[in-house]
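Undergrad: Quick one: the structure is below, and I'll ask about it shortly.
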Amino acid sequence: MKFTLSWLKQFLETSASVTEIAEALTAIGLEVEEVIDKAAELQKFEVAYITNIKPHPSADKLKLCDVETKSGMLQIVCGARNARAGIKVVLANIGIEIPNGKFKIKESVIRGEKSCGMLCSEEELLLASESEGIIELSEDAVVGENFTKYYGLDDPIFVINVTPNRGDALGVYGIARDLAAKGIGILKELEISVIKSTFISKMKLNVQDKEACPLFTFREIRNLKNKPSPDWLRKLLKNVGVKTISSLVDVTNYISYSFGQPMHAYDADRIKGGITVARHCEKHSDEAISGQQNEIATAALQPRNDVAKCHALNGKEYLLTENDLVIKDESGIQGLAGVIGEADSSCTDSTTNIILEAACFNAKMVAASGRRFQIDTDARYRNERNIDRNFTEKALDIATNLILSICGNGEVSEVVKVGEKESQKKPLDFSACYLEKITGIKLNIKAIEAILNKLGFITDVKGEIIKVIAPSWRHDITILEDIAEEIARIYGYDKIESIKLPELDQDNNKLREHKRISSFKRILASKGYDEVVTNSFMSSEDAKLFAELKEELFLLNPISIGDNYMRPTILPNLLSIVSKNLARSIKDMAFFEVGPSFIDLNTEATYLTAIISGSYNNKNPHSFGRGYDVFDLKGDLELVADYAGLSIDKCIATNGTALPQYYHPTRAVNIGLGKNLLGHFGQIHPKILKYYDINQEIFAFELNITNLPLIKAKFGKRDEFAVSDFQANFRDYAFIVGQDHRVGEIISYINNFNKKLIKSVILFDIYSGDKLPEGKKSIAVKIELQADDRTLSDTDLNSFSKDLVAAISQKFQGTLRE
């Protein structure tokens with residue numbers, strides 16, 4: 001949002017300096033990004049006067065100008081078409097640097113003629129993106145003085161960042177109201193002259209969708225002269241970057257910037273019949289799409305036959321769908337409501353009769369249409385942040401008065417209106433105790449009431465309670481915390497006393513969870529993984545490859561068509577990154593992300609998802625090199641699981657839970673703890689890779705951190721690490737068991753069979769085939785045996801083998817393979 005100091009002073013009586021105003025704006029939440037002072041930047045450029053002009057003897061397109069300056073007469077070579085005798089211009093003397101191009105003016109000879117300066121255009125001074133000639137100043141400009149005050153540039157420009165909830169601050173009047181509440185000045189009372197209508201408009205108004213357009217007003221004005229706007233208006237608009245077109249259009253822009261109420265002026269002679277506000281091409285009930293979410297999710301993706309064209313003011317043509325709110329007459333579309341007008345009914349220099357519109361439209365519909373067509377206009381920007389419906393008719397009156405004062409006293413109709421003002425909001429019970437509780441600010445009820453009244457709130461004190469009604473322009477005030485924030489920002493955040501924060505409970509579950517996630521990240525980073533952060537939304541087309549789509553997970557108001565669904569897993573986002581990297585010939589990569597995945601509307605889980613692909617090490621004189629495989633991934637997952645106090649081998653789940661369809665059916669597994677599914681790891685299915693245009697193997701793991709047991713931190717002395725001095729023995733066993741038995745469960749059982757002797761159990765083979773009975777598999781393990789107090793004898797080893805075989809037989813109905 002841009003505005004100038006003089007514009008602010010139209011509504012605020014203040015003697016505060018630019019610096020004081022800027023500091024106050026930032027303090028009340030209207031962050032000042034920049035203060036532009038063109039007068040300071042262009043102070044060396046002065047007013048000059050062209051006394052005589054003649055053609056250049058050696059160049060048809062150049063002219064020799066005799067220029068009067070404060071230091072005397074100069075000859076300047078100029079090629080501008082509008083250069084002529086008798087006009088005041090902007091002079092850059094020798095030694096001055098031109099902003100556009102950053103070059104210094106030197107005395108030069110151009111095609112044999114001396115030139116002692118430069119006559120400047122708006123483009124050269126960075127006052128416009130393009131210009132057709134040199135700047136022409138008003139006749140009252142004094143030769144030798146700085147030109148900025150004659151060109152309206154001696155007016156500092158404030159550039160503020162307005163948050164989406166503060167639609168009321170998109171008008172200079174709203175900003176002035178906040179500054180007055182802060183004590184920077186006194187808010188001027190708006191003086192709106194009563195308009196005497198001279199006729200009743202025959203133009204009928206039909207609003208078919210009151211929810212989409214809660215208020216639409218217009219006034220017909222006849223016999224106007226659409227002449228150029230006065231200097232004060234043109235300067236204001238030019239300083240904030242708005243192109244001046246004609247007085248009729250300039251007034252609507254002025255009202256939009258002054259009060260945050262978008263307006264539009266139609267050429268009344270081009271409007272046929274009445275005005276209708278409706279959703280374009282409403283579908284019949286037998287064709288209606290079932291479910292609002294389904295409509296939102298699919299409307300933008302599917303081609304439609306019932307489309308019409310809007311030839312917009314920006315010169316572009318748009319195809320409309322039934323989701324677009326339009327303004328139309330008998331001849332067709334006359335505008336995309338709240339976004340942009342139609343070129344065919346726009347005002348021109350010859351326009352004498354207008355229809356002046358001031359309306360309020362559904363913010364979500366305006367945002368959706370603007371986003372779908374990628375149209376960014378001041379009207380859209382304000383409409384999608386909600387308009388003060390109770391000020392709309394006042395804005396229409398102010399605009400009407402201004403047009404009549406500039407364009408002549410034309411004939412004015414009565415206001416044509418459909419819709420009503422917004423009803424008063426429900427009061428909220430606020431108190432000084434509540435304010436102190438959540439902000440630490442100690443104020444009495446009278447001080448609280450004074451601040452709120454300055455901001456336009458309606459208050460009623462009942463003892464210790466103050467009933468507060470938010471003003472119509474503050475759509476964001478809905479709860480007590482909002483009121484507390486309003487008081488705090490006007491009172492001053494810098495005045496809130498600082499207090500010492502309470503000591504953190506080191507055994508707090510949230511703190512331990514945060515530390516654990518941080519450790520997971522460090523572990524993977526140490527293994528060469530790069531952390532990424534991706535959007536929690538994704539395309540429903542991608543999502544259906546990874547999970548069954550659920551209606552409640554579609555976004556009603558997506559940021560873009562490609563982000564219309566809440567992600568069921570992080571994996572698609574990582575695969576998209578892999579695909580983009582491969583397109584740039586980057587083949588070796590390892591990524592991870594910690595973030596939410598959404599199962600349904602009530603179930604959200606935090607996942608650690610990692611992905612590797614490419615070469616583990618490259619070919620070199622000492623090695624042929626090899627690519628990543630699933631065991632590399634498993635090793636990295638084991639490090640993470642070990643920190644969480646788990647063993648991956650013990651957590652491999654084969655209890656009948658189906659593997660997600662996006663994993664390779666025989667090269668991936670589920671991991672779990674009891675009946676609790678913790679995630680999956682393995683190779684990604686080739687069909688998924690083909691969809692993402694990935695031509696190399698991808699390995700990934702997903703770990704549900706939410707379901708991971710949070711092991712309480714152990715404090716105290718660790719057990720002493722002891723190494724046996726006696727010889728270790730190794731024995732290989734191959735057991736035949738049923739296919740339904742989990743390998744991890746068998747390994748875990750063997751590990752715990754005799755903890756005094758067993759030091760390690762390593763799985764080295766799994767076999768199933770013709771040499772085994774149907775429904776059976778062979779599991780081969782290497783067991784390291786070692787006692788702490790003696791060397792194991794053959795008797796000890798044979799006894800161990802006998803007991804182990806018997807235990808496997810009893811527990812898993814397994815037999816020793818011959």
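Glycine residues also receive a Cβ, built from the backbone N, Cα and C atoms like all the rest.
Checked Swiss-Prot, it gives:
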- 39-148: domain 'tRNA-binding' (DOMAIN)
- 423-498: domain 'B5' (DOMAIN)
- Asp476, Asp482, Glu485, Glu486: Mg(2+) binding site (BINDING)
- 724-817: domain 'FDX-ACB' (DOMAIN)
Undergrad: Given the binding-site residues Asp482, Glu486, which one has the fewest other C-beta atoms within 10 angstroms of its C-beta?
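TA: Least crowded of the binding-site residues Asp482, Glu486, by Cβ count within 10 Å, is Asp482.
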Undergrad: Can you break down the domain 'B5' (423-498) into helix, strand and coil residue counts using DSSP?
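TA: The counts are 33 helix, 14 strand, 29 coil.
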Undergrad: Report the residues of the chain - excluding Asp476, Asp482, Glu485, Glu486 - with C-beta within 8 Å of the mean position of the site's C-beta atoms, for the recorded Mg(2+) site, in sequence order.
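TA: Neighbours found: Asn165, Arg474, Ile477, Glu481, Ile483, Ala484.
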Undergrad: In the domain 'FDX-ACB' (724-817), how many residues does DSSP put in helix, strand and coil?
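TA: Going by DSSP assignments, the domain 'FDX-ACB' (724-817) contains 28 helix, 32 strand, 34 coil.
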Undergrad: Across all chains shown, how many C-beta atoms besides its own are within 10 angstroms of the C-beta of Glu485 (Mg(2+) binding site)?
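TA: That number is 16.
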Undergrad: Across all chains shown, how many C-beta atoms besides its own are within 10 angstroms of the C-beta of Asp476 (Mg(2+) binding site)?
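TA: For Asp476 (Mg(2+) binding site), the 10 Å Cβ neighbour count is 18.
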